[in-house]
Amino acid sequence: GFFQSYAVKVDIKDASNATCLYADWMMRFLITYEANNGEYKNTTLNLSSGVTHNGSVCGNDTQAALLAVQFGEGHSWSINITKNNETYQGDFTTLTYNTNDTAVFPDAKRKGPVTVLMKHLLHPVQLNTVFVCHSSYLIEAENVTQFFWNVTLQAFVQNGTVSKKESRCPADRPTSAPTVPPTTANVTTASTTTLSPAPTTHPSPVENPDTGNYSLKSGNKTCFLATVGLQLNISQDKPLLININPKTTTADGTCGNTTATLKLNDGNSTLIGF
């Protein structure tokens, strides 16, 4: 579902027509809204092909940079980026979605623009360095979840040229192999004349996940029940298997007459929705 959205490329110029703010990324939004019948529904807001970037600002030592885009039927998104000594970082994002867009909100009870302010988790990046994150990540606030992936961003570009030096997000960085401590089988002593080969170690297989019982209530009645063991198989440079631990996973969501949503959050930035 990620690739239903359009990629956005923004190249902001300063007064001398030199690039001062550059970004190329993809994003989408999962929004919960109240319908006319009182039910709460989930909808997905994707970027459209016709994106503008009115109101974007280069920024300087005293003024924050602003990357702003407008899309679809009255929707807009922006990120505020500040400069501090030798680094820049994202401070917060502002999403305004318009529930008058009946294609996205066909039966919204509340009509008109709704603005949601979120703290953005962009850590400090060295100046003259471009931030890159191909992996997907999300931020949440109120009734909105923002998803980002394939992100390339540099604020306060120097000399009008986007840097080739990259700062990768943690999810893009390869994990190092664990160090095997010495054991009596592979340690030599002064009296040893013949060495036995060190035992071959094989990675232990990931066990089957524990089964969890997850439920939602509507008033005093259970409206959603799931008994399931969950394991994620994530394709990266090296396959990554993650078991969802029921003991540390919380269930949330909504139930309606025709639609029910179960959200599982393991507390480690893993969010699964059914």
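Cβ atoms here come from the backbone N, Cα and C positions, even for glycine.
TrEMBL: automatically predicted annotations, no manual curation.
When the candidates CYS133, CYS223 are compared with TrEMBL, only one is recorded as disulfide-bonded to CYS169, and it is CYS133. Break the domain 'Lysosome-associated membrane glycoprotein 2-like luminal' (209-271) down by DSSP state and the numbers are 3 helix, 38 strand, 22 coil.
Comparing Cβ neighbour counts within 10 Å across the disulfide-bonded residues CYS133, CYS169, the minimum falls on CYS169.
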